[in-house]
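Enquirer: Have a look at the structure that comes next, please.
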Amino acid sequence: MTENKQPTYNPGKGAGEPVGVAILGHGTVGSEVLRLMEENSDAFAHRIGGTLEIKGVAVSDLGKPREGVDPALLTDDAMALINRDDVDIVVEVIGGIDYPRELVLAALRAGKSVVTANKALVAAHADELAAAADAANVDLYFEAAVAAAIPVVGMLRRSLAGDNILRISGIVNGTTNFILDAMESTGATYDDALAEATRLGYAEADPTADVEGHDAASKAAILASLGFHTRVKFDDVHCEGISSITAEDIQAARDAGYVIKLLAICERVTDEQGNESVAASVHPTLVPKEHPLASVNESYNAIFVEAEAAGRLMFYGNGAGGAPTASAVLGDLVGAARNKVHGGRAPGENTYANLPVADFGDVTTRYHIDMEVEDRTGVLAELAAIFAARGISLKTIRQEESGDNARLIVVTHSARESNLAATVEELQKISAVKAVNSVIRLI
Ligand code: HSE
């Protein structure tokens, strides 16, 4: 059994003096955190049993005009703000990895609880951050790091702490869900849908992290770590984005009764010898139209959890944006402040299961393969033999006319990812296959 790092007792400082809060960052999220804190200060005092006081707001550019913030609170020296004696909790809403890591570690080591919305930081450095929080006997909260307003971190840490999670499948990136939904519902091309997502402010000027799945992979790492009590890092997540999805793929999916979603899939894998491991991946996925995730449209997020005792659960809502992200940050802030006043700590990181992270090749999945093949006698038999050689059973085969060739759409039964990938590689080598247009996995 590995060490189970449960918190030691923190007696609390009592309600006599306010809980001092430092906010690092005043962008889309930071400004909403500040606005909502001020608007709800009386209510928060009741919910905490003590008052919150903002001690400072750290920004990178003091010259930038900032509405709704007392200029006396602004500073460009985040480290000095963190180290003030009257700061009890640090809220990090800057983004990026290296600089926030330095600040968050400094805060934890100085005995301040930390609330962060930073998924990339948590996905890359959770071990180090959790160890620093444990050593200082303070809280590290990061509800906003996964799907913003949807309380999925708290749900996994607390509500489902008495259950065994089998699988978590999530739409955890709003930009890509918007793009795929626009392609599905309006027939838009990928480029047009991305341009619309950018115009509406969903996609960043550089949308790479969204469309290539990196943002979702950070969230998958966090979900898998919490769900399976095992450290899963960003680099452990197999990641494919949506930039190669075409209008033809969307149409083929629709014809077969599916929609394409970018899913983060975290699952417990048991091999033939009964050995358990954890797998985490992000990739475009064909979701049957009747599955609850298929109806998650526009930029909404949803997390579908399968647990041993609870069965199937779905959590749906706003996964991005200033106010929804601030909602999650403030929930954490209220929790951290309660602990500062009354004592105790939030449930911390618990990686006691310490399962190995599975090689993606060992994961069981199903493929939808869309290819262009020669239209002549014996081609189907030749293809079927290639699938059979690797023990892959075919579920459906659909053939359409395509000029001089035939378009063949094959859906497989479940098989090991490595066998499916090797089969596609082999198909691409034979002369009967003119092109493999797309390969998309099915949920
Ligand atoms: N860019 C993300 C999204 C939001 O589109 O969902 C922050 O993770």
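Cβ atoms are placed via backbone N, Cα and C, with glycine included.
Reproduced below are the annotations present in TrEMBL:
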ACT_SITE  K219  active site, proton donor
BINDING   L24, G25, H26, G27, T28, V29, G30, S31  NADP(+) binding site
BINDING   K119  NADPH binding site
BINDING   E204  L-homoserine binding site
DOMAIN    368-441  domain 'ACT'
Enquirer: Test of understanding: give the count of other CB atoms lying within 10 angstroms of the CB of K119 (NADPH binding site).
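Expert: Around K119 (NADPH binding site), other Cβ atoms within 10 Å: 25.
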Enquirer: Under DSSP, is the residue listed as 'L-homoserine binding site' part of a helix or a strand, or is it coil?
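Expert: The residue listed as 'L-homoserine binding site' sits in coil per DSSP, no helix or strand.
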Enquirer: Of T28, S31, the binding-site residues given in the record, which has the fewest other CB atoms within 10 A of its CB?
Expert: T28
Enquirer: If you run through the domain 'ACT' (368-441) with DSSP, how many residues end up as helix, strand and coil?
Expert: 24 helix, 35 strand, 15 coil
Enquirer: Near K119 (NADPH binding site), which recorded positions out of L24, G25, H26, V29, E204, K219 have their CA within 10 Å?
Expert: K219
Enquirer: Going by DSSP, is K119 (NADPH binding site) part of a helix, a strand, or coil?
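Expert: Note: K119 (NADPH binding site) is helical by DSSP.
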Enquirer: Measure from the CA atom of E204 (L-homoserine binding site) to the CA atom of G30 (NADP(+) binding site) and give the result in Å, rounded to a whole number.
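Expert: Checking the Cα atoms of G30 (NADP(+) binding site) and E204 (L-homoserine binding site) gives a distance of 18 Å.
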Enquirer: What three-state class does DSSP give L24 (NADP(+) binding site)?
Expert: strand
Enquirer: Around the NADP(+) site formed by L24, G25, H26, G27, T28, V29, G30, S31, which additional residues qualify by having Cβ within 8 Å of the site's Cβ center?
Expert: I23, E32, V33, L34, V93, I94
Enquirer: If I take the Cα of the residue listed as 'L-homoserine binding site' as reference, which of the binding-site residues H26, T28, V29 has the closest Cα?
Expert: T28
